[in-house]
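Down below is the structure, laid out as structure tokens.
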Ligand SMILES: Nc1ncnc2c1ncn2[C@@H]1O[C@H](COP(=O)(O)OP(=O)(O)OP(=O)(O)O)[C@@H](O)[C@H]1O
Ligand SMILES: Cc1ncc(C[n+]2csc(CCOP(=O)(O)O)c2C)c(N)n1
Ligand SMILES: [Mg+2]
């Protein structure tokens with residue numbers, strides 16, 4: 001168990017309010033006066049979530065995107081954001097961060113409604129927090145996947161993981177992949193449209209395999225992931241080749257901020273129609289079975305699970 005999951009399990013003992021949903025979901029779901037408020041809070045830290053060399057505008061954008069991605073997973077429409085800022089000691093850097101933060105809020109129609117600003121000790125790592133609030137009529141959660149359901153994913157995976165390696169100078173490759181790392185797009189509209197059709201949904205922040213395992217655990221089922229069906233972009237295939245290694249890296253690198261969801265087979269057509277209407281890419285990458293845990297396969301034949309299924313703090 002990672003330090004992160006062990007710490008969350010200490011909190012789970014007393015987070016018994018129904019809104020906490022056992023701390024197993026992407027966001028809290030608080031019912032107030034007959035309406036459902038979805039709440040999430042994410043922090044991003046220098047050298048953990050972003051690089052010191054990333055443009056400050058992109059870091060501001062990323063803070064918004066990673067939070068709104070948790071709202072997307074709950075099918076919520078953003079209502080507002082609160083932001084926690086540590087002054088960096090460089091006023092131009094701070095201005096550029098605010099610019100990117102504002103551009104992202106405008107793009108995803110999420111008003112800034114408050115926050116807090118402090119000065120951190122000189123030389124400490126930059127870190128920023130945001131609370132996002134949204135409203136949802138249906139918020140699927142992770143616990144409703146049932147045997148026989150299809151397992152779906154939106155977008156392409158692994159682009160941000162490769163982009164991070166390019167940004168770090170470990171490999172050279174197209175800027176498009178670096179952009180996927182620096183400027184993820186939360187799938188808000190897709191999440192809102194899919195929410196009434198799916199049995200479970202979450203966003204992929206830590207990696208397809210680790211997140212699929214979490215979804216399966218929350219639902220008390222087994223998830224089967226087919227490596228051949230892991231959606232890869234042309235840019236990624238062009239750089240890394242269309243191999244098992246590329247699919248495994250794409251399924252474990254994280255930072256994708258795409259949606260992972262399950263739905264009964266009878267909903268296939270309706271799901272594809274929504275994706276077509278939104279011009280969104282979706283791919284059926286496996287299925288849900290009775291049992292527990294995660295199974296990884298290639299062309300139907302079992303593959304050993306990679307040593308690391310994804311990111312854990
Ligand atoms: N310090 C904390 N206090 C209260 N709840 C927490 C804390 N840290 C995590 N949680 C809760 O634990 C659950 C899992 O948190 P986590 O940040 O891993 O969310 P996630 O959606 O799986 O990942 P991501 O935020 O990357 O999308 C969530 O319900 C979250 O609200
Ligand atoms: C500089 C740098 N090194 C590594 C990574 C990879 N990474 C860090 S946290 C995370 C999961 C999402 O975070 P959380 O679980 O906190 O929401 C991933 C995939 C990165 N983004 N930047
Ligand atoms: Mg999440």
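For all residues, glycine too, the Cβ spot is worked out from N, Cα and C.
TrEMBL labels come from automatic prediction, so no person has curated them.
Per TrEMBL, the Mg(2+) 3 site holds 70, 203; the candidate it also names there, chosen from 26, 159, 229, 242, is 26. In this structure the alpha carbons, written CA, of residue 49 (substrate binding site) and residue 205 (ATP binding site) are 11 Å apart. For the binding-site residues 116, 203, the ranking by surrounding Cβ atoms (within 10 Å, all protein chains) places 203 first. A gap of 7 Å separates the Cα atoms of residue 26 (Mg(2+) 4 binding site) and residue 203 (Mg(2+) 3 binding site). Taking the Cα of residue 116 (Mg(2+) 1 binding site) as the reference point, the closest of the binding-site residues 40, 70, 142, 203, 255 is 40. Counting in whole angstrom, residue 203 (Mg(2+) 3 binding site) lies 13 from residue 40 (Mg(2+) 4 binding site) by their C-alpha atoms. Counting in whole angstrom, residue 206 (Mg(2+) 5 binding site) lies 26 from residue 115 (ATP binding site) by their C-alpha atoms.
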